[in-house]
């Protein structure tokens, strides 16, 4: 059922469909589902906010973390905080009422904040892949990665994210309640006159999903080849082989993390867009959104907590200046000094 600035995934044959800005949507799913949604958002908030805020705090506290190669990781933490503060809190609050209680303006603000955080995060992963490829594979001779390059990378993520999130605010597509009608996102559902949703969805799918995906696969593919070549040149070195395995594991985790986060959401959004008019339940879009929102937790785990330097500094901060595991960390890392080119992207 399509209305002004909303689309409810239910045929209004019985006349029970109401505006998701004004009335509870308990006719869509069991009211218990809204309680589950609220509990899940609360879970993401109590885990996502501390770990991402701690990343920023630890970086301010430890000067050795403030290096150009870590700028993009901090940007990733900021993006996740955008999602937590601007998106998860409002979704949790709305789910407690069973509909989007913040109105049309609130929908625009929530949709913009959550999508902005998601897009910054997505492009940060692509820029991170480029940076690691450039540093390890050295496609440009005599190139030295510096602060200006890091700032350019961070600026690119914000530019691309804003290029995706601002247009719906000014008339190219729009933000509407989606799924269980407690959070807002891009309108994949309708061909509302005057909004040019078709062209925007095509632009978003190819420029803001396929392009980062191609970048990530290319850069990490080249990086793996470089690491394997380095390991093949030192076959007798056990430390080099171990470093190769760790880099391979890290790359696999990065690619899987990206796909788990964005592939379900992008695939379902594309299906809805290409099958407009077909019947689908509210959970059809809600569940893939869970995967995308969960990135605020597993992104910092994969990209930050698995980074030895960040991990040690976090532990030191949490234990008031002492690292009770320092002996174990040193013992585990002392065998990795030979494979410098591989360990430069190693997670531990």
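Note that the numbers count up from 1, one per residue, in the order the chain is shown.
Yeah, the Cβs are placed from backbone N, Cα and C, and that goes for glycine too.
Swiss-Prot assigns residue 19 and residue 309 to opposite sides of the membrane. Swiss-Prot lists transmembrane segment for one of the ranges 174-195, 284-305, namely 284-305. Feature transmembrane segment, per Swiss-Prot, maps to range 200-221 of the set 2-23, 200-221.
In Swiss-Prot, the feature transmembrane segment is placed on 108-130, out of the ranges 108-130, 223-245. The distance from the Cα of residue 197 (N-linked glycosylation site) to the Cα of residue 184 (disulfide bond) comes to 15 Å.
Taken residue by residue, the topological domain 'Extracellular' (94-107) breaks down under DSSP into 9 helix, 0 strand, 5 coil. If one looks beyond the transmembrane segment (108-130) by at least 6 residues along the same chain, the residues whose Cβ comes under 8 Å of a Cβ in the stretch are 72-73, 75-76, 78-88, 90-91, 102, 153-154, 156-158, 160-162, 164-166, 168-169, 175-176, 183-186, 208-209, 211-212, 215-216, 219-220, 223, 254, 257-258, 261-262, 292-293, 295-296, 299, 303.
Around the Cβ of residue 107 (disulfide bond), the same chain contributes 5, 21, 100, 175, 176, 177, 184, each under 8 angstroms and 6 or more positions distant in sequence. Taking every listed stretch (71-93, 200-221, 250-271, 284-305) in turn, the largest tally of C-beta pairs under 8 A with the transmembrane segment (150-170) is reached by 71-93. Residues 119, 122-123, 125-126, 129-130, 132-133, 160, 164, 167-168, 172-173, 186, 188, 251, 254-255, 258, 262, 266, 269-270, 273 of the same chain lie 6+ residues outside the transmembrane segment (200-221) yet bring a C-beta within less than 8 angstroms of a C-beta in it.
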